[in-house]
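Taken verbatim from Swiss-Prot:
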BINDING   69, 72, 79, 82  Zn(2+) 1 binding site
BINDING   109, 112, 156  Zn(2+) 2 binding site
BINDING   499, 501, 503  Mg(2+) binding site
REGION    844-856  region 'Bridging helix'
């Protein structure tokens, strides 16, 4: 057959789908170029050339740069390589299809090779298979059903032959238990076999029991012959695609030899010779074994020898494909580990994850980062050295030809210059380091491409790893500067999570104008000031900027004209250089003119009269005293009116990240991202200038305690230690009152821990009282720039209790924490309380305990990083292809609907101004009132306000708003109108007349213009908050849930209010939820009671639910031996039963013993009186009666007499939030249904934290709600807030198939169809072999597949399909209807 070479066509083609399948031996031969027969690699002569028909034959491609391929004549870069093949002397099992081979053998008759299904069953399954669009999952499920049906039959429906069990036996061996049968044998083959041994059995009886163990060995040759005989109509029932491969293709009879380019020979410099690839060496071994078997067969060697060689050949073929086989016999085990095909594909460094899904890139740089507050927040300083290496291909045109010529003249060594020129219509590049640059510059033509250096103003991508969320890579504008580090504004540290202690960052230069535009608009720093997790600002002032702004805005900061002008002048840089700064009138005129720091700060928001910004904000600061608003004595109520700071000092809440009451956030939402970024850049220049001129430092003097503080500390310690001694004494004398659900020891620990934490808190308070307002650590803690009050008190007063796993330091050995203390000591010092401060220094024992707590923190962090990294990878893989469509639904790449509208309202979490809400109406209204005072307009009365708002909302512009949003606005306006009415009533103003005109202008007035502007603003903001079609909502959801995980802890926490009840929180809890674990570590059912204010009723219900064992309510359980009888006597403790409020008596105990698994009949249990139960065991042999009694005595205390067996305990929880005590039960354990059905429990208000349990009891919707609530509860406990829309999307994905699917390799396989996607996640080889077996077709539509194939994905920009505008034809004239009469036409009323 003549083979035509592949020719690259000019027609651009897109891969529409990939079909997986198996190659038949004939296809392998057609695809290959040579048959490989020689085991030698090189010829033995002096040339040392690769041998023809050897494994390194150059007709299979080339692995050397200077040698062309002998088949196609191309060089190493262009030749894709060509295959060879080896004919195996004996067939071998393919290790990848070994499970599939066993599966088929279990489904077919080993005599007639037909599938073991009756004609009706066959028809039924074939009808099902004919359904169009049968999914991969359905195929796998069907194969399982067919296999189960076939395995249940042991007689073939067609030939009547007996079929035993087929199973794997040892390494790549299959046996058929053909003769193992207990029934009367009907099969003549088996009968003949057994009869042939009759004579032998007569002579040797020992042979008989061994006959049943006789097995048929199914070697590859036998299996191949069986598979070849399978009828063509049965192949679809094996769930194989006949076009993609037949069952006989599962057995190797011919082996493909891969091209040389994927297994290159490396010439060794150290010793003469070459280093060969693992695959090459494995192939030579296979050829050698092939030759050995061939010789043995020709020479007629012993079968034993041929079988051994065959086994070894089979092993080598298996290792060639997968070198990590387990169970290899020692005598056959390879000497050194090699890499097979599977190893090349799988794992992080494999082809899928290492080279296809992600790869190293050109046009990138990496170096150390440094801060530079003089740069704008959207800029990055790039070293000249980097700028000379990174190039951008710019097309020469009329506008830039002179500039390009200048760059060409400069060449590669002078910046700005150019490195290469590519002339129009040629592929050749000319390097500018050599040659006549002047001549090249003159010869430049339009359309030529100059690869110029990176210059100021270029768009670059800046990234820091680990990239946990989308803000870890953003677009900046380059500024080429001297020195060797990347520099950027510190405001942008938070999204990158960068610090300057040696961190390195990556820089990428986009290579097309389209990429630059897309990067700036979508990834620009200004476009990403807020986090998509919950819409909070992430790029904001930090550390020194906060300290500077705080000190600048204190109420006692004043400047003369020169100083004020000097500080304000620091903002006149870059695009603000030419603005005319408006200096406000001085706040103090006499005795000297002085400007306040607040006035200077206001110039950041509105530097000149030309600036249109009118920002308005009213919010509480960190130190707000709680009353008086702007009259707060700490000056911590911030009021900004039309961009003027009226009151309050700046702190982290008003300038920093993580708060929506932030000045920059207000600017962003009301005036746009450019104004917010400009204000931030101005602050970043002004605050450090002021701080460096004022001076701000920290030294040992700042943390030196005074005498008064030391005295107060010792008094506190003395009182606290005394109280702890009293608790310990109470425990020793047995007077300590136990807390609910706790032992005496646990109660003591809880009390002492509480007492010691009070000591530290009080010492901290005393410390803060003594510190001066100018104390540097105190200033940093007050403004939130660094540290907290606890850090200050630890430095000055007292370090406090060291906690290990949430409790005091445990006893290490010999019942004490260290040998320096007495045994069983409970003293604070012995259990890790550090009374010293860092200033005074720690004693050796304190230091040791302190290091224990520190070590725990380090280990926790290290473990957590790995856990969350893997969790985030799983989340991203499962959610990545979810995308909001143009019909507002959220669908996967295959078109499955996950949500009918994103988050229930179609709004973008990044655009939320309130908590999970698109708008904060009160703030919007206050802003409108300040910006549009409308003093000449009359105010609206209550009724006018409501009626006017309703008439405005009936306009067409409001039709696009959802009803729920319009209802929210109406509700807010109604509240405002009620407030106006109350104010008017208070001052006696009626709607008609006025008492005093001036009063009307001051009170809560709203004019028609203000109302209209308010409603317009609400509508605009709502429309802007809509989620854009094409948004990768899945990826955002995965990052928003995965990224906070890194800030969580791994430990379990005490359940709120109950010291003894632990609950898993943090990373392990999130992991449990998204894995959809069936058995969680701390299942807790929260049960509301019918009477929630009665403690006795709560105890009664607790007794009904909690598992009570017979041993717990018995005074004793004894054996009684009488001359004629023996039994076990159980004496119940009636007092204990009464105190525990149990509904138990002797009769119920008798019933419980009978229904337990002790095999005791009702007649064997006798009740005597109220409290005595006798259990008489059944007689069997008298000798074992004693043992029967002993086992009964051991098992009886474990009999459950009341309660739910799955419940380990229930705790009464007292809720005092509403002012009066409310009781509910916290039940540890499962069986939600039984708890809900318990008398006294409100079933409709009972919930569990176990998703699986909820799904089993209440169904899939309840399970979905549980997932949402549990993730939110866990996040809130760690101080994280995630927009509910993200959590809803995750829970919808986990439950949309009708069962709860975990985000694991098993859940993912049930959610996704794509082979490439599953292969790029985990179990790479298994998925590929399965796909080949089923003949699977991958339509390449998801994100992973598109990245692997290098084609644009249908998400974001790729979702939109540009349609051709058809020529508009005139509509044909309307034809009159039969019997039509114009007189009867009814006009359409509009």
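Each residue, glycine too, has its Cβ placed from N, Cα and C.
Annotated features, which come from Swiss-Prot, shown on the structure.
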residue : record                : DSSP (3 states)
69      : Zn(2+) 1 binding site : coil
79      : Zn(2+) 1 binding site : coil
109     : Zn(2+) 2 binding site : coil
156     : Zn(2+) 2 binding site : coil
499     : Mg(2+) binding site   : coil
I need to check the long-range neighbours of the region 'Bridging helix' (844-856): which residues 6 or more away from its ends have a CB within less than 8 Å of a CB in the stretch? 799, 802-805, 809, 817-818, 820, 829, 832, 834-836
Going by C-alpha positions, which of the binding-site residues (109, 112, 156, 503) is nearest residue 79 (Zn(2+) 1 binding site)? 503
Cβ-centroid neighbourhood (8 Å) of the Zn(2+) 2 site, 109, 112, 156 excluded: 108, 110, 111, 113, 114, 116, 157, 158, 159, 160, 161, 163
Predicted model, mean pLDDT over the region 'Bridging helix' (844-856): 90
Neighbours of 69, 72, 79, 82 excl. site residues, C-beta within 8 Å of centre, Zn(2+) 1: 59, 60, 61, 62, 70, 71, 73, 74, 80, 81, 259
Quick one: of the binding-site residues 69, 109, 112, which has its CA closest to the CA of residue 499 (Mg(2+) binding site)? 69
Integer Cα-Cα distance in angstrom, residue 156 (Zn(2+) 2 binding site) to residue 82 (Zn(2+) 1 binding site): 46
Pairwise Cα distance for residue 501 (Mg(2+) binding site)/residue 82 (Zn(2+) 1 binding site) [Å, integer]: 52
For residue 503 (Mg(2+) binding site), nearby residues of its own chain (Cβ under 8 Å, 6 or more apart in sequence): 368, 369, 464
Relative to the Cα of residue 112 (Zn(2+) 2 binding site), which of the binding-site residues 69, 72, 82 has the closest Cα? 82
Nearest recorded site to residue 109 (Zn(2+) 2 binding site) by CA-CA distance, among binding-site residues 69, 72, 82: 82
With a radius of 8 angstroms around the mean position of the C-beta atoms of 499, 501, 503, what other residues of the same chain does the Mg(2+) site pick up? 369, 498, 500, 502
If you run through the region 'Bridging helix' (844-856) with DSSP, how many residues end up as helix, strand and coil? 13 helix, 0 strand, 0 coil
Starting from each candidate's C-beta and looking 10 angstroms out, tell me which of the binding-site residues 499, 501 has the most other C-beta atoms. 499
